[in-house]
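Working notes, beginning with the structure itself.
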Amino acid sequence: MDVAQVSVKSIRGKYNQRSRKFALRTKSSFPLNACPSTSWKPAYNARQNPDRAVIDFQIIKTHKHSRARLGRITTPRGVIDTPAFMPVGTQATVKALTPEDLIDCGSQIILGNTYHLYLRPGHELIADMKGLHKFMNWQRPILTDSGGFQIFSLNSLVKISEEGAAFQSHIDGSRHFISPEKAIEIQQALGSDIMMTLDEPTPHNAEKSQAEKSLQLSLRWAKRCRAAHPVEETQSLFGIVQGGMFKDLRRASVEGTVDIGFAGYAIGGLSVGEEKDLMYEIADHTAPLLPDDRPRYLMGVGTPEDLMQCSSMGIDMFDCVMPTRNARNGSLFTRNGKLNIKNAQYLRDDGPVDPTCSCYTCKNYSRAYLRHLFQCNEILAMRLNTLHNIAFYQNWMKDIRHAIEENRPFDLPQSLG
């Protein structure tokens, strides 16, 4: 059963801001209204700078029920079908899985974390090992974040200045400093296919003055990142839009970031504690302001519902630790909702996690066996659960792409919200 064939009973939510509403949150399908009109147009057109971007983004089809785009990103290391989900490989590994596992699950690109790889084992060592791809034996595309989110999550251990971020390692307390130029240097050493600019994420509850100050700093840092990587010979650079929960600041951030000019654009500072309806509202406002011919990446999002809702807004790329983290804690995604495999009800359940799933775990193991592994604290439990959740997410994205291709409305099981 695919995404577009599942009936909707009732979806929680309040997002019906006057003229904008998600029909998904009422019944059956969720076409979005047309992109809001705007007199502002990006000053920078990536097609006018063909030598700058090493990746190529092609929009194959636009969904007639929403702004969703079926696309393809071509990189030197392979093709990425969009909308796409990127499993998170924080420390040069997607926890519990091998690269072969990821390929079998349908993953075309993964995310690496600059902050963690900078601290351990170090970007110089990885460069000496001929780059992150060879180091971890993953030959498909890799996107690296700039480390900004992790650095600023250190709170009292970080100090921000115009020059960059001074912080203490969460591992051993050692002191470090990362500037925009340093963030680019680290990612160049890692050899990722897509790099991100260093930005200052804005807390969801920030006052407007704080959010504006933060986005202006992020814009100045973005210019420095662009200057540190002016020509994209083998690695592309994406810019990041900030602005907190304020629509006018989001627009200002888009204008400034697009005017600098990047191969793609990310929406940052969402899914950081705000209400889900507010996250949808800001993402829905921001996405159509970005250039049509560049990939759009929503950072750190999210649930299956999030992936579908935000794909409908015209988002092309997603990443989130949810499928892997949930798997390690016994929470598994199915077409009938999440289940906690540790629960006693699965003690004698000889069925697969999800009868509609053809992943290695579902084809070979019962719920009872997976519960047994967890009860015994066996490492295999984490591996088999992670295999399933990543396969579920990749199949979910495949179904979204098929729905766009066939112009079918998206439907969502109430239990997956």
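These residue numbers are counts, starting from 1, taken along the chain as shown.
Even glycines carry a Cβ here, placed using N, Cα and C.
TrEMBL lists Asp145 with the feature active site, proton acceptor. Summarising the annotation, TrEMBL assigns substrate binding site to Asp145, Ser146, Gly147, Gly148, Phe149, Asp199, Gln242, Gly269. According to TrEMBL, the feature Zn(2+) binding site maps to Cys357, Cys359, Cys362, His388. Residues or ranges marked as region 'RNA binding' by TrEMBL: 300-306, 324-328.
Shown on the structure are the features that TrEMBL records.
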residue: Asp145; record: active site, proton acceptor; contacts (Cβ under 8 Å, 6+ apart): Leu111, Gly112, Asn113, Thr114, Tyr115, Met196, Met299
residue: Ser146; record: substrate binding site; contacts (Cβ under 8 Å, 6+ apart): Thr114, Ala183, Gln187, Met195, Met196, Thr197, Leu198, Asp199, Cys225, Ile240
residue: Gly147; record: substrate binding site; contacts (Cβ under 8 Å, 6+ apart): Asn113, Thr114, Tyr115, His116, Tyr118, Ile178, Ala183, Ile186, Leu198
residue: Gln242; record: substrate binding site; contacts (Cβ under 8 Å, 6+ apart): Asp199, Glu200, Pro201, Thr202, Ala211, Ser214, Leu215, Ser218, Leu249, Arg250, Ser253, Gly268, Gly269
residue: Cys357; record: Zn(2+) binding site; contacts (Cβ under 8 Å, 6+ apart): Thr334, Arg335, His388, Ala391, Phe392, Asn395
residue: Cys359; record: Zn(2+) binding site; contacts (Cβ under 8 Å, 6+ apart): Cys105, Leu387, His388, Ala391, Phe392
residue: Cys362; record: Zn(2+) binding site; contacts (Cβ under 8 Å, 6+ apart): Pro352, Val353, Asp354, Pro355, His388
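Asp145 (active site, proton acceptor) carries a strand DSSP state (E or B).
Secondary structure from DSSP puts Cys362 (Zn(2+) binding site) in a helix. Annotation for Gly148 (substrate binding site): spatial neighbours Ala165, Ala183, Met196, Leu198, Asp199, Glu200, Pro201, Ile240, criterion Cβ-Cβ under 8 Å with sequence separation of six or more. Counting only residues at least six positions away in the same chain, the Cβ atoms of Pro201, Gly268, Met299, Gly300 sit under 8 Å from the Cβ of Phe149 (substrate binding site). In the three-state DSSP classification, Gly269 (substrate binding site) falls within coil.
Residues Asp145, Ser146, Gly147, Gly148, Phe149, Asp199, Gln242, Gly269 make up the record's substrate site, and a Cβ search at 8 Å around their centroid adds Phe152, Met196, Thr197, Leu198, Glu200, Pro201, Ile240, Gly268, Met299 from the same chain. For Asp199 (substrate binding site), the number of other Cβ atoms no farther than 10 Å from its own Cβ, over all displayed protein chains, is 31. The least crowded of the binding-site residues Gly269, His388, judged by other CB atoms within 10 A of its own CB, is His388. The maximal spread of the substrate binding site, taken as the longest Cα to Cα distance among Asp145, Ser146, Gly147, Gly148, Phe149, Asp199, Gln242, Gly269, is 15 Å.
Note on the region 'RNA binding' (300-306): DSSP counts are 3 helix, 0 strand, 4 coil.
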